[in-house]
């Protein structure tokens, strides 16, 4: 699915991205971000994608990611048949990293085996070839600290390859076949634990492979405006579901710039919004963005469909489908006003949404799996009457914020913390309609967020929110024994939402917040803090 979502963006042959084939490494999306920071367009699809999907993206360089598997496993993921011939025929350089390097060695006739000494963590390597293209001639004889994570190692190289770097233990750390434009690294150059890794990647991509460093948000904006205009006919109309968050707001402003008043925006109150969200968001749309937005209260329908549902994936699917049905019901009403019913729907789907919602095709999910279904992607119903426009689907959150600045989106919108598409349904664990869970969560969340703003911490935190737990705990309030609800506070820092660290609050801040919650929110007698990073946890609890 991810490859099909992307292929139309490159069908014209104008853009030639660096393509990463993902074999399940925890660092795959980090390298995507790192290369984009070099002003080079980089996209990532599953490593088991068919050859036609790879060719459709017209890559200028292909990187084979690392992964948790051994190339010796029966179900080890691999690139498709004909891949190496495609790369050679089209002059596309291929760089294998860790598992990717071992895959190159094995598939081209070399030998990979379980190493006598496994290498994990920080290691020192030495560049042993003075003509290494990846490291550059000035690096010959140089020692570098790098990050390794492998048990298997290359014992015999395929014909035409040479060793250009070794670890202190003597293991192969980097290989090259310059005549075939094939390269391999047994370490991760993209992580900060490899201090010279990004310098080497920049040299390899720009100096060796000749990739132009000319990808920027101004060009992305112009390209997406052209793309929208090419999709939407001169007399066709479009609807956009606005949530009040960064993604949908930027998407709406971009499409509005492309087609003007033929865009019709809709804000849906699904009963899963934060405290006074409906009133606040509608006021901002009118007073700050000056967008004509219709508000529909569909809370009864959403909550009715969710009653008794506890499985988080099922909740996401229900919400995704119900959103589409609301949009489809809104389209004919627009048609009555303007004389033609809208046939397109704009969504603020981001690249992490696409990545996390798409399992690898035909692999039985054996090397990566769906983390969660995003309601914009994995939560969509199979049958839809509206065609999707997703102008942000190649971008990470920080890139969307950059794009928003060029579209003159107010800072108040661009700095808003992310809010999940399914809303509070994934922050109330279990049945969202049970008891007074939603209202309790709204009050707790409001106290927490307001305290963060009052302390001047809001812009330092990527995302902060409260979670309602489906458990009751014993407490003592007002000299009486209570049996009430427990809630969790979570705040994280991140660059793009793909990885995250928990935010370290001052103890006095936490004491004050907990005191306010327990004293002001009826039904809560215990407050916990989530101090788990991503990975191993995801940002949201469901």
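Backbone N, Cα and C define each Cβ position, glycine as well.
As recorded in TrEMBL, the features of this protein are as follows:
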- 243, 244, 245, 246, 247, 248, 249: ATP binding site (BINDING)
- 215-416: domain 'GMPS ATP-PPase' (DOMAIN)
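Positions of the features from TrEMBL, shown on the structure.
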residue : record           : Cβ contacts under 8 Å, 6 or more apart
243     : ATP binding site : 267, 281, 348, 419, 421
244     : ATP binding site : 267, 277, 280, 281, 284, 285, 413, 416, 419
245     : ATP binding site : 348, 413, 416, 418, 419
246     : ATP binding site : 348, 397, 400, 401, 404, 413, 414, 416, 418
247     : ATP binding site : 348, 349, 350, 392, 397, 400, 418
248     : ATP binding site : 240, 241, 242, 346, 347, 348
249     : ATP binding site : 242, 289, 348, 404, 409, 413
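For the recorded ATP site, residues 243, 244, 245, 246, 247, 248, 249 set the reference point as the centre of their Cβ atoms, and the other residues of that chain within 8 Å of it by Cβ are 242, 250, 251, 348, 413, 416, 419. On the 0 to 100 pLDDT scale, the domain 'GMPS ATP-PPase' (215-416) averages 84 in the predicted structure.
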